[in-house]
Structure formats: structure tokens, C-alpha cells
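Participant: Quick one: structure below, then a few questions.
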Amino acid sequence: MGKTNSKLAPEVLEDLVQNTEFSEQELKQWYKGFLKDCPSGILNLEEFQQLYIKFFPYGDASKFAQHAFRTFDKNGDGTIDFREFICALSVTSRGSFEQKLNWAFEMYDLDGDGRITRLEMLEIIEAIYKMVGTVIMMRMNQDGLTPQQRVDKIFKKMDQDKDDQITLEEFKEAAKSDPSIVLLLQCDMQK
């Protein structure tokens with residue numbers, strides 16, 4: 001293991017320009033910042049959790065970060081390299097609504113079986129509540145829903161065939177037909 005290259009290889013850069021929503025210049029800047037924070041060129045779960053803790057200092061971000069990490073780590077090797085990082089960032093920050101829905105579904109589908117169960121959804125919603133902290137959550141959560149009540153409300157709107165699981169199709173259809181569902185998923189009730 002030598003020192004990680006401080007520059008992206010031209011073929012990697014070209015590939016990322018083609019497969020993300022970032023320009024060549026933006027990718028170079030992101031890579032520079034990524035190497036500054038991760039000199040090894042990869043992030044493990046603990047390092048990833050530390051980044052989340054910086055962004056959410058008033059709550060416990062560790063559980064949510066664990067789920068985000070799983071979603072970022074496309075090859076399942078227990079680390080996030082720059083490619084995985086920038087591709088996920090591209091989708092979450094600049095992707096189409098459809099791409100964002102696919103990414104969110106992946107995060108909620110904990111076991112990757114193509115369906116979201118009530119327990120899976122509850123785990124993510126509880127992690128969001130913990131991450132943002134009690135005081136902020138009380139401000140955001142003007143409807144006063146507990147995590148379980150929020151899950152029940154989401155399932156009522158999304159689970160079209162009432163089989164207690166949400167497929168990708170149900171997820172997308174409901175989110176497109178009722179944008180307030182997306183707010184429920186984010187636990188952001190500010191209008």
C-alpha cells in the first residue's frame with residue numbers, strides 16, 4: 001500500500017464525468033477534499049460516522065450513518081472509496097427525483113430484498129429521530145408523531161396492496177402522487 005494518488009487518473013475522471021452530475025473541475029475539488037479528510041483514499045464505517053456526527057452534533061447520528069454507509073458502499077467491502085462516495089453524493093444532491101427515490105428506497109430496504117417492511121422503515125425513522133436530536137425533532141415534527149405513528153402513516157399511503165411491505169413501484173408511485181410522503185420519509189414536516 002503506497003501513498004494514494006493526489007490526482008484522479010484521467011480515465012477515472014472521464015468515467016466520473018460521464019456517470020455523475022459533476023463537472024471535471026468539481027470532481028477534482030471533491031477528490032482533493034476527500035483525500036484531505038481520508039488520506040488513505042477510503043472511508044471505513046467509523047470514519048463515516050464521525051463525519052455525520054460533525055453535521056448532526058445535537059443528536060446521535062451513528063445509527064443513521066450506519067444505514068447511509070451501507071447504501072454508499074455499493075460493492076459491500078466495508079469501505080467507501082471516492083467513486084462510491086461521489087456517485088452517491090451526485091444522486092443525493094443533483095440526481096433526478098427518480099434517482100433520489102431509488103436511492104432512498106435502497107436505504108430503507110435494509111436487507112436488500114426489494115421490499116420495505118414496517119420494521120425496516122421503523123429502524124430508519126428511529127435513526128432519523130435520534131440523529132436530529134430531541135429539541136430539533138420537536139420543532140420539525142409539528143404533527144407530534146412518534147416513529148411508529150409516522151411509519152403507520154407512511155404505510156397507509158404507500159402500501160397499495162396492504163401486504164405490510166412496500167415495493168419499489170409502490171414507493172415511487174406514492175412519492176410521485178403525494179409529495180408530502182417524501183417529507184414524512186425525511187421526517188421534515190416544515191412546509
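Note that Cβ sites are derived from N, Cα and C of the backbone, with glycine treated the same way.
Annotated N-myristoyl glycine per Swiss-Prot: GLY2, in sequence order. According to Swiss-Prot, the feature domain 'EF-hand 1' maps to 24-59, an assignment based on a curator's inference. If you look up Swiss-Prot, you'll see 60-95 marked as domain 'EF-hand 2'. Sequence annotations record features per position, and here Swiss-Prot assigns Ca(2+) 1 binding site to ASP73, ASN75, ASP77, THR79, GLU84. Residues annotated as domain 'EF-hand 3' in Swiss-Prot: 96-131. Annotated domain 'EF-hand 4' per Swiss-Prot: 146-181, in sequence order. Swiss-Prot lists ASP159, ASP161, ASP163, GLN165, GLU170 with the feature Ca(2+) 3 binding site.
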Participant: For Ca(2+) 1, what surrounds ASP73, ASN75, ASP77, THR79, GLU84 with a Cβ no more than 8 Å from their Cβ centroid?
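Facilitator: Checked against the 8 Å cutoff, the neighbours are ILE42, PHE72, LYS74, GLY76, GLY78, ILE80, ASP81.
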Participant: Are there residues at least six beyond either end of the domain 'EF-hand 1' (24-59) with Cβ under 8 Å to its Cβ atoms? List them, or say none.
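Facilitator: Result: 4-8, 13, 16-17, 65-66, 68-69, 72, 78-82, 85-86, 89, 129-137.
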Participant: Starting from the Cβ centroid of ASP159, ASP161, ASP163, GLN165, GLU170, which together make up the recorded Ca(2+) 3 site, report each further residue of the same chain whose Cβ lies within 8 Å of that point, ordered by sequence.
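Facilitator: Apart from ASP159, ASP161, ASP163, GLN165, GLU170, the close residues are ARG115, MET158, GLN160, LYS162, ASP164, ILE166, THR167.
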Participant: Sorted by position, what residues of the same chain at least six away from GLU84 (Ca(2+) 1 binding site) have a C-beta under 8 A from it?
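Facilitator: Once residues fewer than 6 apart are set aside, GLU84 (Ca(2+) 1 binding site) is near PHE72, ASP73, LYS74, ASN75.
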Participant: Could you check the binding-site residues ASN75, THR79, GLN165 and say which one's CB has the fewest neighbouring CB atoms inside 10 Å?
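Facilitator: Candidates: the binding-site residues ASN75, THR79, GLN165. Fewest Cβ atoms within 10 Å: ASN75.
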